[in-house]
Amino acid sequence: MTSGITRRVRVLLWAARAGAADHSAVFTWKTWLFGWFVRMLAQVLFFATAGNLLGPGQARYLLVGNAVLMVALHGLFATASTTWELENGTLPLLVASPSSPSLVLTGRSLFWLPDGVACGLGAFLLLGPVVHLPIGLSAVALVTCLLVLVGLTTYALGLFLGSLVLTATDLRNVVSNAALVVMMALSGVEVPASAVGPVLGRIGAALPLTHGLLAIRRVLDGRGGGQVALLAAQEALVGACWLAAAVAVLTLRARRSRRDGAALFLT
Amino acid sequence: MPALSGNQLAVETHDLRREYRARRGAGVTALDGVSIEVAQGEVHGLLGPNGAGKTTLMKILSTVLLPTAGSGRVLGHDLATEYRRIRPLLGIVFGGERGVYPRLTARQNLRYWAALYGLSTAAGRSRTEELLDEFGLAERAGDRVETYSVGMRQRLHLARGMVADPRVLLLDEPTNGLDPLAARQLRELIGRLAGEGRTVLLATHDLDEAELLCDRVTMINNGRVVAAEAPKTLARLLSRQERIRVRADPALLDQVRALPEVTEVAAADDGAAVVSVGSQEAVGRVLAFVVAAGVTEVRTELPNLEEVYLRLVHRNDERSVVAR
């Protein structure tokens with residue numbers, strides 16, 4: 001038997017591997033590159049083009065917002081893929097194993113992270129020149145790190161939503177789409193967060209993506225590192241809160257399911 | 001497998017009761033005071049028709065469900081409070097196609113479950129190869145499970161249940177949906193695992209399977225224990241020498257049929273006749289009659305487990321109706 005942390009990391013990695021196998025069954029590299037990736041670029045380009053019609057600077061604003069939104073979109077896919085475990089019929093066995101099912105479910109959808117970051121970064125690098133957005137090498141490195149951060153924080157939200165709809169699988173896409181639209185409206189993707197008023201602004205501040213996106217905008221504007229670091233820390237804090245909420249809900253559901261025989265882990 | 005100790009029971013339950021709340025209307029009682037005892041190293045069958053409560057009992061024993069009332073222990077650990085101690089000691093195999101990751105290979109599945117059961121990387125690797133060999137999956141170990149036949153998947157299920165070398169193996173209808181050949185192969189594997197001194201609790205509605213594999217069986221119907229004995233003892237309990245197999249001409253069989261003690265004369269597959277007698281006391285009189293008529297090929301026999309099962313379940317159903 002191995003130490004607790006090593007064991008948990010290994011379980012997490014194996015869960016991620018199981019998820020990645022599901023992903024590879026959906027996409028080959030060709031269908032991903034020429035289908036999925038192009039579709040993501042087209043969406044970003046659509047908003048950037050619309051921005052061109054709105055006035056100077058708007059195309060760039062919308063391109064940045066929607067490129068980062070692609071990362072968030074992949075993070076929210078965790079809502080749906082969390083329920084795949086239920087479809088495999090492995091949940092009761094996971095619950096009956098000595099490991100935590102929450103840990104497995106946390107790792108289960110991690111494969112979306114590199115997919116999302118690749119789409120977001122690809123949008124910056126390939127479509128940036130269209131809106132005259134020059135990105136230096138150091139900015140690329142920093143933006144990549146921030147995209148990973150946004151991927152992780154939105155993943156935490158996706159996991160939370162997935163834990164809520166774990167047994168209501170018909171709701172999984174409705175819930176993640178609703179969350180994405182709310183983030184589009186409140187997180188500064190299409191309009192600045194300050195434009196939605198103080199109440200909605202506060203809600204936006206509690207969502208992942210908001211601070212991370214602002215940090216990326218600051219990097220691209222060439223602003224100081226201190227401000228970027230503060231925004232990144234805020235983004236990380238928001239993500240940690242959502243992750244804690246997700247784990248709490250999963251643990252609670254597992255406990256409740258054991259007591260009342262709810263369908264959760266017993267189908 | 002860790003060494004077995006003392007005379008401690010592997011599994012014991014006392015008056016287990018499990019109710020499911022229905023959203024509308026009355027709740028459902030899946031288990032209604034089930035008490036069982038399974039000794040270490042025993043292969044114990046849980047027999048019963050669909051909906052009898054076997055799977056609910058298996059879920060409670062596998063620690064994913066709490067009983068509404070009553071108590072239970074696995075290897076001395078309380079099911080309700082010490083489930084964390086029980087989990088590493090159990091191997092669980094559910095029947096059907098679900099329960100493994102279809103897009104992973106068999107090797108990856110076993111390595112994954114080895115990690116879940118806390119085996120180190122090296123131990124997980126060697127245990128995986130061992131199991132792949134033992135369960136006849138080595139040749140296709142690198143193929144995705146979704147390409148496997150149902151029989152291969154079920155062998156993988158069994159291998160997965162064995163990954164942590166459990167002391168107690170819970171098998172819930174493991175041959176469900178298998179063709180006869182695959183079912184036989186799986187039964188041979190289960191027999192081999194039981195031969196290693198492991199405790200096996202086998203829920204099934206396949207009576208031949210129970211008769212073949214089990215040291216003892218507990219019959220459950222409507223959430224209650226109907227009987228718990230060795231398969232052969234059960235048959236004796238129910239009707240010692242109630243049946244007489246006789247090879248005689250049709251005229252004599254008509255005379256036998258007319259005897260007041262005889263309840264039924266049925267044709268057997270081998271051309272003989274099976275005479276059912278109303279009571280044990282009457283057997284001697286019927287035997288004397290056929291021997292006196294010059295019949296030399298005659299023997300008494302025990303009912304098989306299927307007949308016992310049907311009679312016990314039928315009796316239990318009748319009692320339930322009367323009780324209502």
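In case you wondered, yes, glycine gets a Cβ from its N, Cα and C as well.
What TrEMBL says about this protein:
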DOMAIN    A:28-218  domain 'ABC-2 type transporter transmembrane'
TRANSMEM  A:36-54  transmembrane segment
TRANSMEM  A:61-84  transmembrane segment
TRANSMEM  A:109-127  transmembrane segment
TRANSMEM  A:139-162  transmembrane segment
TRANSMEM  A:228-252  transmembrane segment
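Contact between the transmembrane segment (A:36-54) and the transmembrane segment (A:109-127) holds: at least three of their C-beta pairs are under 8 Å, each pair 6 or more apart in sequence. Away from its own ends, the transmembrane segment (A:139-162) comes close to residues 68, 71-72, 74-83, 105-106, 109-110, 112-113, 116-117, 120-121, 124-125, 172, 175-176, 179, 183, 207-209, 212-213, 215-216, 219-220, 228, 232, 235-236, 238-240, 242-243, 245-246, 249 of its chain (Cβ-Cβ under 8 Å, at least six residues beyond either end). Outside the transmembrane segment (A:228-252), and at least 6 residues removed from its termini, the chain residues within Cβ reach (under 8 Å) are 100-102, 105-106, 142, 146, 149-150, 152-157, 159-160, 162-164, 166, 205-212, 214-215, 218-219.
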